[in-house]
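**Q** Features from Swiss-Prot:
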{"type": "MOD_RES", "residues": "Met1", "note": "N-acetylmethionine"}
{"type": "TOPO_DOM", "residues": "1-16", "note": "topological domain 'Lumenal'"}
{"type": "TOPO_DOM", "residues": "38-54", "note": "topological domain 'Cytoplasmic'"}
{"type": "TOPO_DOM", "residues": "76-79", "note": "topological domain 'Lumenal'"}
{"type": "TRANSMEM", "residues": "17-37", "note": "transmembrane segment"}
{"type": "TRANSMEM", "residues": "55-75", "note": "transmembrane segment"}
Amino acid sequence: MELEAMSRYTSPVNPAVFPHLTVVLLAIGMFFTAWFFVYEVTSTKYTRDICKELLISLVASLFMGFGVLFLLLWVGIYV
């Protein structure tokens, strides 16, 4: 297969929106992280719910992970 015959790869996400995605995703992730910490500090061992803890931490880690991914893409570290 010839190199000229191949089509150039284009990103599914426009690089112009990397800064906006970074800020929004990291802000949402930090909100859920703060909520998780406040929940852990203010609840007693009798009122804690493992499902709620896991759900909040999963959502926080997903948003923070994708936020860091777009931060790396924004600064030019293409992963």
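From the backbone N, Cα and C atoms, a Cβ is placed for every residue, glycine too.
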**Q** Where else in the chain does the topological domain 'Lumenal' (1-16) make close Cβ contacts, counting only residues six or more beyond its ends and a cut-off under 8 Å?
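**A** Hits for the topological domain 'Lumenal' (1-16): 73.
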**Q** Write out how many residues of the topological domain 'Lumenal' (76-79) are helix, how many strand and how many coil, based on DSSP.
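**A** Each residue of the topological domain 'Lumenal' (76-79) counted once, the result is 0 helix, 0 strand, 4 coil.
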**Q** Can you work out which residues elsewhere in the same chain, 6+ from the ends of the transmembrane segment (17-37), have a Cβ less than 8 Å from its Cβ atoms?
**A** 53, 56-57, 59-68, 70-71, 73-74
**Q** For the topological domain 'Cytoplasmic' (38-54), jot down how many residues DSSP puts in helix, in strand and in coil.
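**A** DSSP composition of the topological domain 'Cytoplasmic' (38-54): 10 helix, 0 strand, 7 coil.
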**Q** Which residues, sitting 6 or more apart from the residue listed as 'N-acetylmethionine' on the same chain, put a CB under 8 Å from its CB?
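**A** Once residues fewer than 6 apart are set aside, the residue listed as 'N-acetylmethionine' is near nothing.
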**Q** How do the residues of the topological domain 'Lumenal' (1-16) split into helix, strand and coil according to DSSP?
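**A** Going by DSSP assignments, the topological domain 'Lumenal' (1-16) contains 2 helix, 0 strand, 14 coil.
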